[in-house]
Amino acid sequence: SYTLVAFLNSSESKFTPLVALELVSDTKEEAITWLLQRIRDKQRNGGAELLVEQLRPGLGVQEKQNPNLFLIGASLQRLLSGAEDLGLFKEFNDGSMRGFTCTNKQNFKDFQGDGDGFLSVAECQYIIKHELDTLRAKDESHVPGHTQAKLYPGKSIIRRLLSKGIMVQMFPLHQKEELKRLTFSWYKKVKLSLQPLGKIQCNYEGQALYFGFLEYFTFALIPMALIGVPYYLFDWDDYDKYVIFAVFNLIWCTVILELWKRFSATLAYRWGTLSRKKAFEEPRPGFHGVLGFNPVTGREEPLYPNAKRQLRVYCVSLPFVLLCLYGSLYVMMIYFQMEGWALSLHDEDPTFWTGVLLFIPSIIYAVVIEVLNLIYRYAAEFLTEWENHRLESSYQNHLILKVLVFNFFNCFASLFYIAFVMQDMVLLRQSLATLLITSQILNQFMEAFLPYWLQRRRNKKMMRRVTKMRTQEDKELPIEEQVRLEADMSTYLGTFDDYLELFLLFGYVSLFSCVYPLAAVLVLLNNITEVYSDAFKMCRVFKRPFSDPASNIGVWQLAFEAMSVIAVVTNCALIGMSPQVKAYFPESDMQLILWTVAIEHGLLAVKFILTFLIPDVPKPIQIQLAKLEFESLEALKKKVNTWGMFSVI
């Protein structure tokens with residue numbers, strides 16, 4: 001990272017660079033001039049009214065170096081007006097969270113002087129991104145110098161440049177001092193304390209809720225781990241005792257998800273995202289279709305028949321997913337054949353090596369599961385892109401559904417088969433332990449070590465050149481090199497994979513931990529290392545992502561709740577299969593099944609009653625939101641009355 005203060009104090013600097021924009025190296029000069037002019041133009045003329053300058057050549061200029069890198073910033077007044085346009089919520093003097101307005105700015109808690117430091121860096125970068133995204137074409141028919149890049153009045157220029165391959169990327173810049181403070185308090189010192197969520201939110205606003213959920217889930221695992229260890233140590237061979245553990249499991253997975261909603265609402269309110277209204281969603285850059293008029297906005301844009309999209313979903317995507325599930329089932333049966341072969345070898349000649357061989361099929365199967373998940377993920381992304389969804393939210397929902405269904409089946413099908421078809425609790429315990437440990441090791445390698453190693457290789461040549469040309473006095477990396485370093489970093493693809501990993505870990509704990517009580521302990525240890533590895537990759541491996549403020553974890557909340565419902569059914573079935581319960585029904589299996597189903601339905605009813613009894617939003621926050629709504633309505637009434645008086649006059 002570079003020193004922002006040094007850059008600001010240099011004689012040639014004009015503004016604080018917050019965002020970098022890169023165009024392809026062969027972009028026409030007239031296109032660059034036109035784009036920069038649109039970015040600098042006043043808002044009343046249809047511009048973004050931002051500050052922009054070209055990045056100077058780096059040390060030891062090379063022919064391969066792309067000259068079309070631009071730094072973008074904004075004046076303080078422009079950022080404040082942008083915060084008002086976006087409806088950012090900030091803390092008021094009375095402690096409540098209110099939408100920021102420039103006319104009322106002195107009444108906000110942290111607003112001092114001219115407002116320097118009032119907005120976090122993440123908020124400033126989010127404002128700049130919003131202003132650039134809403135930069136719209138006027139009467140231009142195409143991008144100057146690029147006749148193939150057609151423009152339509154009212155459509156986003158930046159999205160068009162991206163979809164036509166003229167713009168390579170746009171990313172927010174790290175700031176050295178803030179990053180130093182964050183890394184020190186986040187992952188550089190090992191500590192048994194909470195994450196600095198406030199600092200994380202200031203730097204990574206869109207990802208802060210994920211880290212809040214990771215922390216919450218980690219602490220929620222402690223009761224399960226504390227109960228699981230004694231069960232593992234003292235009652236391992238007494239399966240009857242696991243009935244109590246299974247009952248606790250049922251209560252645990254319901255209560256923690258309900259309490260998370262409350263904790264999530266508290267965080268979102270504190271960060272000003274709980275009441276923030278979502279902006280009107282524009283079409284995705286990759287969306288295509290026949291040119292027509294949007295009936296909502298009246299703007300000219302590509303239109304694609306919904307019936308055609310549904311045909312692609314149900315006639316191509318759905319059969320493909322079912323085919324992949326069949327393939328996963330086929331691989332599972334091969335695993336069971338390998339397991340039987342290893343077991344027969346051990347029975348014939350029980351030695352240390354044949355004992356080790358018993359674990360080999362599970363390890364191979366765990367690796368194959370991860371490989372299949374990875375291959376399927378690419379296929380799911382391709383299919384969802386081909387379905388041609390208009391909105392990003394629709395694209396994400398369809399992608400998440402495809403990936404969740406396959407990952408759930410791929411990871412848990414073998415465990416369900418062992419538990420309820422083979423009814424082999426020893427094999428279930430062994431398979432669960434092997435799958436859990438192997439998947440955790442592979443995930444840590446793929447998520448943190450591999451990207452870091454690739455990034456180091458990518459940057460080694462540049463760092464060597466910079467080190468050679470740096471003088472003894474110049475300890476800091478020049479801004480030109482720093483921006484180019486960040487431009488070459490891997491792009492952070494969002495929290496999708498992180499939530500997916502937590503979803504699968506939650507499944508391992510909630511579904512079968514009564515059979516393998518150490519599951520919660522292993523997941524707890526994994527989550528502790530996950531906090532540090534995720535923090536490291538956010539600060540050192542990936543480009544800084546733009547904020548994407550969220551009031552909750554969205555569709556993932558539904559996914560976790562669906563898993564908890566499946567956990568109720570699974571644990572009730574495991575309880576019904578225990579010898580202790582079977583002893584109460586020595587003559588009739590049908591009675592046992594009926595009682596198990598009745599108890600399972602009763603527990604599901606209790607679960608849904610708890611969902612209604614525990615409010616999603618704490619009472620104090622409900623009161624604050626109600627007050628804000630009341631004041632807004634009163635202000636609107638006064639405004640309407642004032643307009644009425646003027647119209648009469």
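Glycine is treated like the rest: Cβ placed from N, Cα and C.
Predicted automatically and left uncurated, TrEMBL annotations should be read as such.
The annotation domain 'Anoctamin transmembrane' is assigned in TrEMBL to 208-627.
Look at TrEMBL and you will find 208-233 (among others) tagged as transmembrane segment. Here the transmembrane segment (208-233) has Cβ contacts under 8 Å with residues 194-195, 197, 200-201, 241-242, 245, 248-249, 252, 256, 260, 263-264, 267-268, 271, 495, 498-499, 502, 506, 509, 513, 517-521, 523-524, 527-528, 530-531, 534, 550, 552-553 of the same chain, all six or more residues outside its ends.
Only residues 6 or more beyond the boundaries of the transmembrane segment (239-260), in the same chain, are considered here, and those with a CB under 8 A from a CB of the stretch are 213, 216-217, 220, 223-224, 227-228, 231, 425, 506, 509-510, 513-515, 517, 557, 560-561, 563-564, 567-568, 571-572, 574-575, 578-581, 603, 606-607, 610-611, 614. The feature transmembrane segment is assigned by TrEMBL to 239-260 (among others).
Here the transmembrane segment (313-336) has Cβ contacts under 8 Å with residues 361-362, 364-365, 368, 372, 376, 379, 383-384, 386-387, 398, 402, 405-406, 409-410, 413-414, 417 of the same chain, all six or more residues outside its ends. Residues annotated as transmembrane segment in TrEMBL: 313-336 (among others).
According to TrEMBL, the transmembrane segment annotation covers 356-378 (among others).
TrEMBL lists 399-420 (among others) with the feature transmembrane segment. Nonlocal intrachain contacts for the transmembrane segment (399-420), taken as residues 6+ away from its ends with a CB within less than 8 angstroms of a stretch CB, comprise 317, 321, 324-325, 328-329, 332, 335-336, 365, 369, 372-373, 376-377, 380-381, 383-384, 427-428, 431-432, 435, 439, 496, 500, 503-504, 507, 511-512, 515, 555-556, 559, 570, 573-574, 577.
Taken from TrEMBL, the feature transmembrane segment applies to 432-454 (among others).
According to TrEMBL, the feature transmembrane segment maps to 502-525 (among others).
What TrEMBL records for 553-576 (among others) is transmembrane segment.
Taken from TrEMBL, the feature transmembrane segment applies to 592-614 (among others). Within the same chain, residues 250, 254-255, 258-259, 261-262, 564-565, 568-569, 572-573, 575-576, 581-582, 584-585 sit at least 6 positions outside the transmembrane segment (592-614) and bring their C-beta atoms closer than 8 Å to a C-beta of that stretch.
Outside the transmembrane segment (502-525) by six or more residues, the chain places 213-214, 217-218, 221-222, 224-225, 227-229, 231-232, 242-243, 245-246, 249, 252-253, 404, 407-408, 411-412, 415, 419, 425, 428-429, 432-433, 435-437, 439-440, 556, 559-560, 563-564, 566-567, 570-571, 574 with a CB less than 8 A from a CB of the stretch.
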